[in-house]
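One structure is given here, and the rest of the page talks about it.
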Number of protein chains: 4
Amino acid sequence: MAMVCLSDFEAYAKKYLPKIAWDYFAAGADDCTTRDENILAYKRIRFRPHMLRDVSMMDIRTKILGSEISFPVGIAPTGFHQLAWPDGEKSTARAARAMNTCYIASTYSTCTLEEISAAAPGGLRWFQLYIHRNRAASQQLVRRAEALGFQGLVLTADLPYTGKRRDDVRNGFRLPPHMKVKNLERAFEVCKMSPSFHSLRWHYGLPPNSLDPSVTWNDIYWLRSLTRLPIIIKGILTREDAELAVKHGVQGIIVSNHGGRQLDEVPATIDALVEVVEAVQGRVEVYVDGGIRKGSDVLKALALGAKCVFIGRPALWGLAYKGEEGLQDVLRILQDEFRLSMALAGCASVSEIGQHLVQFSKL
Amino acid sequence: MAMVCLSDFEAYAKKYLPKIAWDYFAAGADDCTTRDENILAYKRIRFRPHMLRDVSMMDIRTKILGSEISFPVGIAPTGFHQLAWPDGEKSTARAARAMNTCYIASTYSTCTLEEISAAAPGGLRWFQLYIHRNRAASQQLVRRAEALGFQGLVLTADLPYTGKRRDDVRNGFRLPPHMKVKNLERAFEVCKMSPSFHSLRWHYGLPPNSLDPSVTWNDIYWLRSLTRLPIIIKGILTREDAELAVKHGVQGIIVSNHGGRQLDEVPATIDALVEVVEAVQGRVEVYVDGGIRKGSDVLKALALGAKCVFIGRPALWGLAYKGEEGLQDVLRILQDEFRLSMALAGCASVSEIGQHLVQFSKL
Amino acid sequence: MAMVCLSDFEAYAKKYLPKIAWDYFAAGADDCTTRDENILAYKRIRFRPHMLRDVSMMDIRTKILGSEISFPVGIAPTGFHQLAWPDGEKSTARAARAMNTCYIASTYSTCTLEEISAAAPGGLRWFQLYIHRNRAASQQLVRRAEALGFQGLVLTADLPYTGKRRDDVRNGFRLPPHMKVKNLERAFEVCKMSPSFHSLRWHYGLPPNSLDPSVTWNDIYWLRSLTRLPIIIKGILTREDAELAVKHGVQGIIVSNHGGRQLDEVPATIDALVEVVEAVQGRVEVYVDGGIRKGSDVLKALALGAKCVFIGRPALWGLAYKGEEGLQDVLRILQDEFRLSMALAGCASVSEIGQHLVQFSKL
Amino acid sequence: MAMVCLSDFEAYAKKYLPKIAWDYFAAGADDCTTRDENILAYKRIRFRPHMLRDVSMMDIRTKILGSEISFPVGIAPTGFHQLAWPDGEKSTARAARAMNTCYIASTYSTCTLEEISAAAPGGLRWFQLYIHRNRAASQQLVRRAEALGFQGLVLTADLPYTGKRRDDVRNGFRLPPHMKVKNLERAFEVCKMSPSFHSLRWHYGLPPNSLDPSVTWNDIYWLRSLTRLPIIIKGILTREDAELAVKHGVQGIIVSNHGGRQLDEVPATIDALVEVVEAVQGRVEVYVDGGIRKGSDVLKALALGAKCVFIGRPALWGLAYKGEEGLQDVLRILQDEFRLSMALAGCASVSEIGQHLVQFSKL
């Protein structure tokens with residue numbers, strides 16, 4: 001079967017991954033409304049293409065926080081890549097470096113940060129952090145990431161508790177015994193069980209209640225004190241929070257709803273992007289993840305003010321297809337589609353992309 | 001099969017209840033448009049979640065008419081619980097007490113008020129009243145309820161006649177011989193048949209025409225003269241009627257369309273809630289029923305101004321699953337989901353919930 | 001099978017009528033968009049019901065052009081009733097009289113006006129007219145109708161040519177040999193074929209090109225000169241035409257799109273009603289046909305300003321079920337549903353129905 | 001099977017064409033959203049028909065750039081007609097002449113311009129041009145077309161690169177060996193492969209990269225210098241580009257999105273037509289293609305300001321059905337439907353068609 005577009009990789013992954021792994025990657029919270037809305041919302045945006053521009057020389061490179069990437073698509077932080085491919089995050093790191101783009105490695109990796117770094121020396125990488133009740137563990141992670149040459153610290157803000165993903169509960173999802181949340185091994189004592197969530201016992205490989213739900217905006221200052229890395233906050237959906245993020249000194253915002261896996265029925269990220277960009281007024285870089293399935297989706301996100309997008313599930317489908325090579329295929333298709341969309345819309349370089357290229361459909 | 005969310009209980013009830021009972025509980029009037037809209041309307045509301053609030057200590061308790069309940073979900077009045085579980089309303093009362101919430105017992109119970117009280121002494125209960133042509137029967141019910149310690153009187157305002165539920169007509173629905181509308185036994189002589197509704201002969205266990213379609217707002221004063229209990233009016237859908245309710249001295253309003261079983265194609269209750277809350281301006285408490293299927297629906301209703309919601313069909317599904325225990329399961333799932341939704345939206349207590357949390361989707 | 005609502009009759013007719021007859025009655029023009037929109041548009045209207053009104057005494061009678069009918073639903077003009085039931089329009093006339101409502105007999109009846117009159121003496125009837133190229137034939141019809149006691153003349157304005165109903169073309173629809181357009185027998189010589197419509201040869205029992213496509217508003221004056229009957233114009237969809245109708249002295253307007261059988265993709269009649277009522281400002285009576293399937297649809301039409309509605313296909317389904325008796329069943333169900341809807345909306349008489357009862361859904 | 005409407009021809013073509021040819025004609029870019037939107041957008045437009053106009057004498061002729069055609073429907077430029085019928089574009093030319101309308105012959109014809117001219121001498125034809133990197137080849141084509149009596153030059157502006165049509169990639173679409181892009185034989189050396197599009201190797205019978213993506217508005221002046229033919233620009237979707245087209249001296253604009261085959265998720269052409277017509281203000285003629293499936297679609301396009309429409313896929317279906325004769329059938333059905341729609345809307349001639357005839361549906 002020819003792999004022509006990203007949904008070919010999705011179909012492959014659905015067919016060949018173990019059901020429990022597919023379900024885990026595919027899961028959305030509750031009714032999966034937001035997960036699906038992330039995609040549908042892109043379909044409601046229409047292009048206003050301009051004809052007869054010279055698009056013979058296409059330049060699709062961009063920069064994020066000063067680093068050049070080959071095109072404005074990076075790898076979003078997702079957990080447990082070994083569920084998709086034996087080499088796990090090492091393959092992800094290699095593919096990202098091969099395609100000259102940015103990979104945000106997750107706290108919940110099945111390889112250590114050290115293994116990831118060693119697999120693809122010199123690649124552009126950011127590290128995604130959850131803050132745990134055990135603050136020392138989090139602090140140690142930040143220091144390791146900085147020492148290993150990670151160039152950004154992504155704080156996930158939308159997971160004080162894990163969202164309710166019904167299929168994972170039904171499947172009794174847990175990591176297979178030979179996989180581990182390696183970055184956090186031995187970091188935790190068993191925490192006191194909270195009495196209030198007793199019927200929701202999904203914990204994804206960590207002791208229940210290890211995450212710290214008391215984190216507030218002031219903890220940005222604490223992170224700031226730990227590291228000189230730029231801090232990017234992930235999970236912002238409103239202008240109010242965007243304003244707070246800027247005020248607390250972050251360098252970037254990832255508009256994200258965690259792939260629709262946390263609070264269901266929040267807005268699609270491409271819709272939330274508009275108000276965040278408007279609030280931020282260029283003071284920090286804004287990125288977006290969720291729902292990207294075609295190169296033209298990338299063009300829409302950039303037209304609405306994103307500096308770069310990040311892909312989550314499609315990267316996992318690529319891994320599931322052929323590991324590092326499969327992920328490169330996914331990125332290459334997105335790259336070709338993005339370049340073609342730009343050309344057909346009349347833009348020869350990323351700097352020509354602007355809001356004039358899109359309008360929201362009335363339907 | 002794991003019971004993970006409320007639709008699992010629905011599927012169970014549909015599979016195991018006798019068809020005639022399932023159809024009776026599921027029925028909506030005419031085309032069932034409003035029954036289904038009650039659910040769909042929730043899906044059109046989007047959250048605006050706020051991140052990085054301290055949600056480590058969650059307090060989901062609230063008060064209705066001065067009584068504390070463990071979380072803002074009570075049991076709406078529905079009839080004939082023995083159709084769902086042998087112990088009928090006695091099980092309902094026990095489950096509500098166990099979960100420390102409010103149960104509104106229906107006039108059309110298959111247990112007497114006395115049996116209900118005895119089954120769960122000390123539970124918070126309100127009594128739902130239909131006014132019959134035989135006013136003495138209604139008066140006697142009110143007095144019994146008050147004497148038994150019921151703490152509120154809920155007047156159903158939307159049933160001067162019974163709505164047209166096609167499946168009940170097709171099934172020739174009637175109570176099985178061993179079940180009775182026990183609260184009203186011997187209260188009625190056979191009334192004169194009205195000549196005008198001769199092709200609509202569904203009467204749900206009571207003599208035709210026993211309900212009084214001449215009830216008006218002035219009858220609130222009559223009720224007031226019978227009891228010191230707070231009066232809550234159920235079935236209000238417009239600002240005009242909300243205004244009248246306040247003017248006639250009720251203590252609470254339940255925004256309800258009778259689960260879509262009366263006039264079809266009235267608005268979804270969550271949509272009607274908005275205008276009722278606006279009209280009432282806090283002068284009385286406002287509640288809502290209809291369409292609640294997830295803890296996040298409760299959060300939406302509270303964000304739009306409801307003090308508490310009441311569940312109808314989901315309670316019956318719980319009973320059908322495992323009686324008192326099954327209903328507790330349903331309530332516990334709603335409780336966990338509500339708490340989690342609050343936390344993910346950035347609220348640590350019910351008092352932090354407000355209209356800023358939601359917006360209506362354009363689609 | 002119990003006949004509970006109008007769609008039960010539809011299902012029966014679809015099952016038992018010969019396909020060619022069912023297709024003819026069911027047909028809409030082109031893609032049948034407007035035929036289906038007529039129904040869907042009702043579903044987008046929401047009720048604003050008012051509670052606690054005294055609805056113990058219900059009065060659903062109304063008057064059209066001074067004649068009282070038992071409830072505001074009459075029989076719209078449709079052709080070829082013998083396709084549905086052997087006695088054809090004679091059964092229709094008897095059922096309408098039995099239910100004390102108005103029957104608009106079509107030019108395209110399979111019984112003569114004389115037979116219709118004789119079948120149900122004293123019934124309230126209007127006569128529907130097409131103007132033919134052979135004006136003498138039309139004039140003779142008008143005179144016969146008036147002499148037979150028909151009390152209104154309904155001029156169909158939307159059929160200068162017959163709409164394109166694909167199924168009729170595929171079926172090669174024509175009347176069976178034993179049925180005739182009896183009112184027009186021997187009225188026509190064979191007209192000259194128009195060269196321009198040669199690929200559209202469906203003519204429904206009359207010589208091609210017998211209808212006069214040169215009719216204009218001035219022909220209202222010609223009709224006026226022929227008869228003292230009130231003239232009702234049928235097929236108006238815009239405020240501009242409503243204004244012209246009033247200006248040319250008609251007594252009534254039927255907002256109609258011919259059941260979606262003429263120009264496809266015109267508005268649903270209930271939507272067009274709003275602008276016609278607004279334009280007419282009470283100067284003449286306004287009626288509506290198309291899409292009425294429930295008693296609550298009648299209530300919506302009246303709330304939006306119609307004096308009465310007319311049913312087309314549902315009457316034919318009733319005939320197909322059991323002739324005169326089946327049509328009475330259909331009317332009785334509509335009557336019961338209408339009365340119940342009124343009561344549940346808080347109206348005890350037709351005079352209490354008004355625009356405050358409805359709102360257009362945003363979706 | 002009776003051929004009653006255009007979708008009958010579509011069904012025939014889908015059944016009898018080789019899959020690879022059907023897929024090629026049916027293809028849209030990416031998710032085919034715009035391809036389908038082209039059709040759906042027509043369904044959202046409602047007619048405001050006017051009754052009782054004299055429509056006995058119908059005149060449906062119009063003029064485009066001074067030439068009279070029998071009705072406002074021409075043949076849009078599409079490639080490779082031999083895939084549909086052995087005689088290819090020769091049949092198309094004959095059918096267009098027989099129906100007295102305009103045929104826009106494509107650069108990508110499988111017959112030469114000379115063969116097309118010889119097949120139907122005296123027919124009204126325009127020539128559609130792509131500008132190639134080999135400018136001499138394009139210049140030669142323009143000169144040949146002018147010499148052969150083509151009366152207009154249509155520059156396609158929306159194809160600097162070919163859109164991504166997934167099915168063509170999956171099928172490995174290429175012309176069968178016995179078919180050639182005859183107009184361009186021997187015009188090309190093999191061009192240097194562009195390194196940037198290496199995974200998108202669909203080229204439709206021409207060497208990769210033969211088209212010139214550096215074409216700009218100034219090339220209109222270059223074309224102007226080559227020929228005295230009127231220049232029509234095809235592929236405009238925005239007011240900005242419409243303004244530029246007028247400014248650069250074109251004689252006509254075809255609002256087109258290439259049948260949804262280039263950039264997916266641009267607006268439907270009938271929606272884009274509105275803004276283009278508004279921008280142009282009558283300074284040049286405006287036409288539209290895409291989504292025309294019924295005569296009433298033509299009426300809508302004219303009501304919104306198009307001077308004429310062009311059909312693409314339906315012409316190919318007609319060819320696939322019976323060559324020249326099948327295409328005439330398609331045109332004749334559209335003609336009859338257009339005339340009937342006009343009459344039912346109350347217009348006796350094309351000059352009476354105006355914006356008052358339509359409104360956009362709210363849904």
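Keep in mind that glycine also has a Cβ here, set from the backbone N, Cα and C atoms.
Note that the coordinates shown come from a computational prediction; the quantities given were computed from them, not determined experimentally.
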Which of D:ARG165, D:ARG166, D:ARG170 belongs with D:TYR24, D:ARG261 in the glyoxylate site listed by TrEMBL:
D:ARG165
Quick one: mean pLDDT on the domain 'FMN hydroxy acid dehydrogenase' (D:1-363)?
94
Would you count the other C-beta atoms found within 10 angstroms of the C-beta of D:GLY312 (FMN binding site) for me?
21
About how far apart, in whole Å, are the alpha carbons (Cα) of D:GLY312 (FMN binding site) and D:ARG261 (glyoxylate binding site)?
12
Check each residue in the chain of D:SER106 (FMN binding site) that is at least six apart in sequence and keep those whose C-beta is under 8 Å from its C-beta; list them in sequence order.
D:PRO77, D:THR78, D:GLY79, D:GLU89, D:GLN128
Cα-Cα separation of D:GLY291 (FMN binding site) and D:HIS258 (active site, proton acceptor), in Å?
11
Sort out the sequence-distant neighbours of D:ARG261 (glyoxylate binding site) for me: same chain, 6+ apart, CB within less than 8 Å of its CB, listed by position.
D:ALA27, D:GLY28, D:ALA29, D:ARG35, D:GLY163, D:ARG165
Tertiary neighbours of D:TYR24 (glyoxylate binding site) (same chain, Cβ under 8 Å, six or more apart):
D:PHE80, D:LEU83, D:ARG165, D:ASP167, D:ASP168, D:ASN171, D:PHE173
Between D:THR156 (FMN binding site) and D:HIS258 (active site, proton acceptor), the C-alpha gap once rounded to whole angstrom:
9
Output, ordered by sequence, the same-chain residues six or more apart from D:HIS258 (active site, proton acceptor) with a CB under 8 Å from its CB, or 'none'.
D:THR156, D:ASP158, D:LEU159, D:GLY163, D:GLY235
For D:GLY312 (FMN binding site), which DSSP three-state class applies?
coil
What is the total of other Cβ atoms whose distance to the Cβ of D:GLY291 (FMN binding site) is within 10 Å?
27
Cβ within 8 angstroms of the Cβ centroid of D:TYR24, D:ARG165, D:ARG261: which residues besides those meet this for the glyoxylate site?
D:ASP23, D:PHE25, D:ALA26, D:ALA27, D:GLY28, D:ALA29, D:GLY163, D:ASP167, D:ASP168, D:PHE173
